[in-house]
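Notes follow the structure.
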Amino acid sequence: MPGIVVFRRRWSVGSDDLVLPAIFLFLLHTTWFVILSVVLFGLVYNPHEACSLNLVDHGRGYLGILLSCMIAEMAIIWLSMRGGILYTEPRDSMQYVLYVRLAILVIEFIYAIVGIVWLTQYYTSCNDLTAKNVTLGMVVCNWVVILSVCITVLCVFDPTGRTFVKLRATKRRQRNLRTYNLRHRLEEGQATSWSRRLKVFLCCTRTKDSQSDAYSEIAYLFAEFFRDLDIVPSDIIAGLVLLRQRQRAKRNAVLDEANNDILAFLSGMPVTRNTKYLDLKNSQEMLRYKEVCYYMLFALAAYGWPMYLMRKPACGLCQLARSCSCCLCPARPRFAPGVTIEEDNCCGCNAIAIRRHFLDENMTAVDIVYTSCHDAVYETPFYVAVDHDKKKVVISIRGTLSPKDALTDLTGDAERLPVEGHHGTWLGHKGMVLSAEYIKKKLEQEMVLSQAFGRDLGRGTKHYGLIVVGHSLGAGTAAILSFLLRPQYPTLKCFAYSPPGGLLSEDAMEYSKEFVTAVVLGKDLVPRIGLSQLEGFRRQLLDVLQRSTKPKWRIIVGATKCIPKSELPEEVEVTTLASTRLWTHPSDLTIALSASTPLYPPGRIIHVVHNHPAEQCCCCEQEEPTYFAIWGDNKAFNEVIISPAMLHEHLPYVVMEGLNKVLENYNKGKTALLSAAKVMVSPTEVDLTPELIFQQQPLPTGPPMPTGLALELPTADHRNSSVRSKSQSEMSLEGFSEGRLLSPVVAAAARQDPVELLLLSTQERLAAELQARRAPLATMESLSDTESLYSFDSRRSSGFRSIRGSPSLHAVLERDEGHLFYIDPAIPEENPSLSSRTELLAADSLSKHSQDTQPLEAALGSGGVTPERPPSAAANDEEEEVGGGGGGPASRGELALHNGRLGDSPSPQVLEFAEFIDSLFNLDSKSSSFQDLYCMVVPESPTSDYAEGPKSPSQQEILLRAQFEPNLVPKPPRLFAGSADPSSGISLSPSFPLSSSGELMDLTPTGLSSQECLAADKIRTSTPTGHGASPAKQDELVISAR
């Protein structure tokens, strides 16, 4: 709430902040009230002892004081828990209760003095031990309470509180001139107050001119940021809790919407179809990513001995102590003669820690050339090393580790980059621009780079490349230093880890993408804060505080992990509150900082995100997240994402662990992901053994009206689907009625191989899925890592699940169960070395061989009735045999086996589907977009290989409505393929991290109008012999892969 006004002065504490202090004092005074009551009325005192009589009189008076304190504190607790953060009317009487409590405190002070007098007179002479101990306890307790109150008053004292109250009163009287004067006095007073706080914060440091300037700039920045802002520190804490809940609610609402392209949120960032994952299957991309991980070690080493001991608290101290030579120890040579160390401590701990860091990582080919431990405002420590393995000279700059570094961080105004030819157009963070200029000047004065490139001419150090790295403050300084050094070193590269968000202007940011690679981990706070980002954060914080109706203590308590409770009001309530309470502080939401140039993070950003499991209670063990690497947009880091990890994920060793986990997930999940992908498209997997067992199914009694083909999978859990790898393939044909003629559809289907029937039957399942259900939406963060593989298949698939036994499809199959024939192939042994194309081609040839070597009567089994073929179908076969059929083998009855494999040419349907699977899972190292993979069209050819009756109006209406009604078609799965395996950290493609199943349901690809989607698509013409076209071909829905 706004600061409470007591004694006509504003204080930096709210009336709703007194709940916990009042509860603490109430419990303390209640305890003493009980103890003193027992001592006074439960014990018998000697009437001849003067000390005992004085104790009784003093105790009775103190009982009355304790009772008054308890009543006043109960009133404070009751009032503090009323109202909301900015709804202060129920707490208006708080100041009068405080007046009463302060009066009681004065009486307590007097009684504490009396207690000290009693102790000095009777403590040694009094024989009553109980009286002495009780009096001593009361006096100590009184003085502790009095000192606590005095310290609290000093902490919450606002030097500008009197001016603030006058300014608010003058605003109400609309005196413009006096308002301007009071506002100016208020800003000056706040700047002076902030400057005093900074000096107290850095009380042990020597003040220089540059440091004094930094004090002034930062003080005015804070004064401008908090000017006219009547909130207290606890309000900011409650606002962060509310803002986090609002952000999570917005993300869930976006995922629940049907008309958007956002598929999921990873680490708070939206994942769309255009999200680009790092293609770690590409050798060049993998080398580049490993290079990023490698140079993170140099950035980590720049922090010296504090970070070394933080990473290795047990043995790190012993390893440093063995190499250290303190000023009291005899000097001994510790470094090579060519190493320069500037302003290290007497033991040389920083330089030794840097060297030990590389030795522990087995990087013995790294030589340290220069180490500067000089630390001041705008002067950041750094070191220069030569890496003979990589043939690079590395400049590593330390991040924020001292209060002086914090002053450099906070000096965030825009400053022109001192680069020739770009005066005024390239801007950067002022503190880091000055730090980069200092390092460049130091390198030139000490000729450090000349020493590094001439370190060992025999190894060719003269031709080594230059690398600049840094983390946090060092990352921003390294990026700007790269601008300054690039004219002399055109091949320079820079790796900036967790760089600040307000670093470069837009023009400079675009240019930095040529040589700067930045890394951001998860919800890191630093890459998302700059002056422009803080303005938006300030407005959001004030807005969420105004909309809240709950007491502050409930909001803060509800933020604990084990008591999740959303305190956001409902939307209807929010609108009414916003309109009725806006007058309370009309200027707060309209106040903005001085016009600041938007600044962005540098370079090409690798954003390491993770699919975090669902939060569990504090008593449950949390699952490990799965990490992925995507290419981030510099302008997307414009909002602070409130999270408990926003500070933790900025630590340098945490960033290094995140980078390494991406590689670990990739290495562990590379084989498992391909196996899982094959299980998802199991209709294309047919056992490669030459034996195919046809089993006769029970014949239906009803009239045969075949409507399609279904793949029958076991109803067990998908987790056990790969167990069937060694079983034999079994196919069953069903739907041939005894004593009846087969329809032309069944006759045509009997002449086709089972694989082609499986592929072409997908169209009917898709139509059934469109009618039966809509794909559910789900957030990524709601899925655990262990179930992400199966969620990818069973919960998210919309296309292939239709031919794998989805619940909605089973309802369709049960209605027409008597008119279907089933194929139940076993899943073959999962061999990652076999691509889907190899399996498809072999399976296609195998199925042709089985059909041609065995007549249909044998397939139906003994005792079965051979159906008569319609005259139209027989005529088509004769025409195909005469016409040659377009490139098929010369004889259908002759199939050659070469090296144990079938040598027949596969059908175009299988070839096309194989290319579709290969491009989908990137088995041939191809990269294409989702829009180029799928297209669902309605052919205009009047004939079809499978004659069907004209489509019903309802089916045609579904196809047409699907082009214009997005809600009719389930959205693509809100999951990326990288989580298909719990330990997998890779995506199936750099451009589409999604499964193919969900995308098949998208009837309107981006960039195609509904008319184009309904345009004609010619049926394939190059069919093998024996697969001719039927003259009665109708329009049907087919799937084609471009």
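Heads up, the Cβ atoms here are built off N, Cα and C, so glycines get one too.
The N-linked glycosylation site annotation in Swiss-Prot covers Asn133 and rests on sequence analysis. Reduced to three states, the DSSP call for Asn133 (N-linked glycosylation site) is helix. Asn133 (N-linked glycosylation site): 11 other CB atoms within 10 A of its CB, across all protein chains.
According to Swiss-Prot, the feature phosphoserine maps to Ser727 (among others).
Per Swiss-Prot, the feature phosphoserine maps to Ser729 (among others); the stated evidence is similarity to another entry.
The phosphoserine feature in Swiss-Prot is assigned to Ser732 (among others).
As annotated by Swiss-Prot, phosphoserine applies to Ser743 (among others).
The feature phosphoserine is assigned by Swiss-Prot to Ser782 (among others).
According to Swiss-Prot, the phosphoserine annotation covers Ser784 (among others), on the basis of similarity to another entry.
Annotated phosphoserine per Swiss-Prot: Ser806 (among others), in sequence order.
Annotation comment: Swiss-Prot describes Ser808 (among others) as phosphoserine.
According to Swiss-Prot, the feature phosphoserine maps to Ser833 (among others).
If you look up Swiss-Prot, you'll see Ser847 (among others) marked as phosphoserine, on the strength of similarity to another entry.
The phosphoserine annotation in Swiss-Prot covers Ser952 (among others) and is backed by similarity to another entry.
Marked as phosphothreonine by Swiss-Prot on the basis of similarity to another entry: Thr1023.
Feature annotation from Swiss-Prot assigns region 'Disordered' to 846-903 (among others).
Under the heading region 'Disordered', Swiss-Prot lists 1014-1042 (among others).
What Swiss-Prot records for 1-22 (among others) is topological domain 'Cytoplasmic', and it gives sequence analysis as the kind of evidence. Residues 73-74, 76-77, 79-81, 83-86, 88, 91, 94-95, 98-99, 152, 155-158, 160-162, 164-165, 230-235, 551-553, 585 of the same chain lie 6 or more positions beyond the ends of the topological domain 'Cytoplasmic' (1-22) yet place their CB under 8 Å from a CB of it.
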Intrachain residues whose Cβ lies under 8 Å of the transmembrane segment (23-43), provided they are six or more past its termini: 56, 59-60, 62-63, 66-67, 69-70, 73-74, 77, 130, 134, 137-138, 141, 145
Within-chain partners of the transmembrane segment (102-122) [C-beta distance under 8 Å, separation at least 6 from its ends]: 50-51, 54-55, 58, 61-62, 65, 68-69, 72, 132, 135-136, 138-139, 142-143, 145-146, 149
Residue distribution over DSSP helix, strand and coil in the topological domain 'Cytoplasmic' (1-22): 7 helix, 4 strand, 11 coil
Other parts of the chain folded back onto the topological domain 'Cytoplasmic' (82-101), taken as Cβ under 8 Å at six or more residues beyond its ends: 1-2, 4-6, 15-16, 18, 69, 72-73, 75-76, 235, 238, 545-546, 548-552, 555, 581, 584-585
Positions whose Cβ lies under 8 angstroms from the topological domain 'Extracellular' (123-136), at least six residues beyond its ends: 35-36, 39, 43, 45-46, 49, 51-52, 55, 58-59, 115
Other parts of the chain folded back onto the topological domain 'Extracellular' (44-60), taken as Cβ under 8 Å at six or more residues beyond its ends: 36, 111, 114-115, 118, 121-122, 125-128, 131-132, 134-135, 138
